[in-house]
Amino acid sequence: MSMRFLLATLLTAAFAFIAGMFLPWWSIAIVSFLVALFLLPNIGLGFLSGFLGIFILWGFLSLWIDLKNESILSGKIAQIIPLGGSSILLILVTAFVGAIVGGFAAMAGSSLAPVMVRK
Amino acid sequence: MLMRIIPFVISLVVTLGLVFALNTKIGTIPPLGKFLSPQQGFWQNAEPCDARLDEDLRFPDLKGKVKVYMDERMVPHVFAENDEDVYFVQGYLHAKYRLFQMEFQTHAAAGRLSEILGNNPQIINYDRLQRRMGMVYGAENELKAVAKDALTQKVYDAYTAGVNSYINSLSAGNLPVEYKLLDFRPEPWTNLKIALFFKVMCSDLAGQEYAKDISFSNEKSLFSKEEMDMLYPQVSDSSVSIIPKGTIFESPSVHPEIPANADSFYLQKDSIAEPVKVPKPFEVKGSNNWVVSGAKTKSGAPILCNDPHLRLTLPSIWYEMQLHTPTMNVYGVGFPSVPGIVIGYNDSIAIGLTNAGRDVMDYYQVKFKDASRNEYWYKNQWQAAEHRIEKIKVKGGATIIDTVAYTVFGPVTYDRSFTTADSNTNKALAMRWTAHDPSNEVLTLIKLNRAKNYSEYSQAIKEFACPGQNIIFGSTNGDIAIWQQGKFPARWKNQGLYVMPGEDDTYSWQGFIPQGENPHVLNPPDNFLQSANQRAVDSSYPYFIPGDYYVPRGRSIYRQLSQMQDITPQDMMRLQGNAYSTLAGDAMPLFSKYLKTNELSDNELKYWEEVSKWNFEYTGQERAPTIFQTWMDSLESVIWSDEFTQASKPVTIPSEQILLENLLRDSAFRFVDNINTPEKENLYQDVTLSFKKAVGELVKNEDGVIWWKHRNTFIQHLLRDALPAFGRTGLMCNGWSTTINALTKTHGPSWRMVIHLTKPIEAYGVYPGGQSGNPGSKFYENFIDTWATGKYFTLWMMHENESSDKRIIGQINFTNS
């Protein structure tokens, strides 16, 4: 794990957060793609970085919201979804759904990274 | 290079596919990416529990400043510099806390649920029925009446502008969570939607459930006129009317004439009648209100109480507020979608409502020339029918087109073109309904909210047409009164009990009961007044009232209030929670007399012993109420089902009260016999058989014999079975439909209010819900436990100089610049 990987992961989370304030939810894909494109030419690491970046962002945000909300809503939604009413499971599912999109988008970015470097 | 293209293409395709799939609603699963996104999805609806509510808002539509103080229960206290602004802000706040509810209910009224809920045959039929009942047509006519009154028009416009100001401020992230689950966006609010909400109330409280024409016509093929009178008497033996006995009614000024052929042609048993199959109407709703004068209270000031029993939903049908302007200071509950306060009090008077339950809907059988339904036979010639083309948009499906023919009577609700799983007829039945006539109910609210005394109250309610209500009144100056108010047809005797011939105007409504001749009374000698959906008057009232009214609650209230003295508000709270059933009290001695205990098994005897010791209180934790109620239901089925299964659907099974009165009068009541056996059964056999059947049911689930479990009250979210997680079960309360605390599976006291008319007024209230419609708010259902345990909140009529009171948890300032 290099510093570059850590940087890319944190940047993915940070930029995705900022983008999310103005753009639809799928802006996480654009951000993950771009960060990997510029920072991570390794496809495997790219996937992992996008995955982790968004996992951390969505996991942290939903956990924070849930704590402030005292799990009032997550307990109900986790019956509709259905996760047996478990707020923690719902937070993990939330983080995973975002992460899988971020991971594949970052993988696409990493795949093109050498092209960027040559230019 | 090439090594990179393949993973690029694969990961790009996977990413795009995922984004697409997670952005699309699949069946009932919301678009998961969009829905789960912490920055846009449902997490945004999870409100921080410690959120501050302060806001400064600017809207150019406002005339002046408005300050809103939110108290600790999230009740807004609105102080406006002028009258129009208060309705703007009310609209804004209704939308802020109840937008989905407002949109859902008015979509339901307009027959547009398929547009948001998708392709479901049951919902499509529901939508078609709303259109065929002319709900939008009625709302359009309501707006015509509103346009004639400049004041009401301004109030409508201000309210609508307020709702739209909120809708326009919404981003995708702060849409109510139901929009995210169903994946749609709110449309602009309109004045028509306000009117549509009134039509929902007409449909609920003065609609098909109260018009028995079709079921009675079906039954007429089976029963004679004399039997129909026995099963559905106009005045029941034990009813205590709203207007006290001995009140003298003025002689009528309208004299409807009975058609010459009515006796032979209309009222007789009709064994060749072609039955009409229509959807089964829902459960009838009830309510209580009462007021006692100072002569009966400890303080010497009147006390007014009200508990309307409507469908219990989350969010609740009610929203609580205080509205203050230079001309008004009113507190109470109102309907999100409607400007003004509906039930509540101001500085001088208090108002409560119960449903009048009067039949204001009749069906006329019309004859079309051909299947095109272009012309119908009326007064010896073919008349052109107007066609209204109804386009029902279906989410994820093709738009459905339905054509509704309009006649001189009204829309043709049922005809051959409306053949569905629920309805099926070869006849054409046109609906005459007062909810189609132009009327202006909001004007009554505007005036009532400002009324200071009896004369202003009686003036204010004159315009109120539909749904007819028992509007009870109490004043700090000591007056008490009640009016049964509405626009009611002046019927000849038996008019409208059955579907009427519509080939000319012989059977048409000839006029309406003049408003001043509606039942009413001011300051009665008994010093109290009550209404609980019973027949308002005894048989001395000069106009015909079709009927079949609810009786037991009114008897209980009357009995209690006539005995009570030195009454305090706390006594009244206990009375609202009273779970004693006069019906059970009448029934049990009869049941005991006719139960052949020597034919019971040991286990059945055990149940009998339990129920025989019952005190007729529907206590949540007791078993006896369940045993009695199952027995009663079983007896009803034993007595009625043999006769009634012969008739085409729907039928109206006579009420428990009527059954009981018939049996008390005559134990050889002819329906006791089971017509499907050669033997002639007697009441001993029926009572014993029904008890054995009841125990047979009860032993299947011993745990469920506890009354609250058996009644199984469920406060459902508006989307009902689709979203049980947003509802509330497990309510261990007392009560049943025959008791003052009238709680059933789906309906119950939707707002309990006790107003002590001292100076200043002392007020208490509670409803089973919460001020916020957001399931992610701690204010979504926070009143339910207080309500369920029979407790109340003290209602706070705030003064503007109390803005630093510690009960205030937020302040919203509205300005125009």
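Numbering starts at 1 and runs along the chain as displayed.
From the backbone N, Cα and C atoms, a Cβ is placed for every residue, glycine too.
Note that TrEMBL annotation is computational and uncurated.
Database features (TrEMBL):
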ACT_SITE  B:SER287  active site, nucleophile
BINDING   B:ASP359, B:ASP362  Ca(2+) binding site
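Structure with TrEMBL features highlighted.
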residue	record	Cβ within 10 Å
B:SER287	active site, nucleophile	28
B:ASP359	Ca(2+) binding site	23
B:ASP362	Ca(2+) binding site	28
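For the pair B:SER287 (active site, nucleophile) and B:ASP362 (Ca(2+) binding site), the Cα-Cα distance reads 24 Å.
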